[in-house]
């Protein structure tokens, strides 16, 4: 009796196949229960809420607004590569001169009024 040998898979495909098989076995073993993968959107929202609290923002949490404010600081960090600048831009719920400086550096000063409105709403200032 001779055994037919299967062709060998490239390493990446073999690993993917192995992971898929493990997942399917786990799915069968649990009857499909207990294997929920957190939704990426839910995870990002939880992270944003945590940041909102850490920055001591006392206003309304609106994930779209918060991400836009935070995005300014992220873009600023991308330009200057200074980790401290990212924190300073976000400090006091985005209401420091560092945030304004980032708007200028990103050539987004025409949106200053919109961002000021976002900051007032997010920080809870009038």
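Using N, Cα and C of the backbone, Cβ positions are placed for all residues, glycine too.
Positions annotated as disulfide bond by TrEMBL: 57-93 (among others). Under the DSSP three-state reduction, residue 57 (disulfide bond) is assigned to coil, being neither helix nor strand. Note: residue 57 (disulfide bond) has non-local neighbours 66, 93, 122, 123, 124, i.e. same-chain residues 6+ apart with C-beta under 8 A of its own C-beta.
Here TrEMBL flags 73-89 (among others) as disulfide bond. For residue 73 (disulfide bond), the same-chain residues lying six or more positions away in sequence with a CB closer than 8 A to its CB are 86, 89, 90, 94, 99, 102.
Residues or ranges marked as disulfide bond in TrEMBL: 76-102 (among others).
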Inset, instruction - Show which residues of the chain containing residue 76 (disulfide bond), separated from it by at least 6 in sequence, have their CB under 8 Å from its CB. - result: 85, 86, 89, 101, 102, 105, 106
Legend entry - Neighbour count (Cβ, 10 Å) for residue 102 (disulfide bond): 26
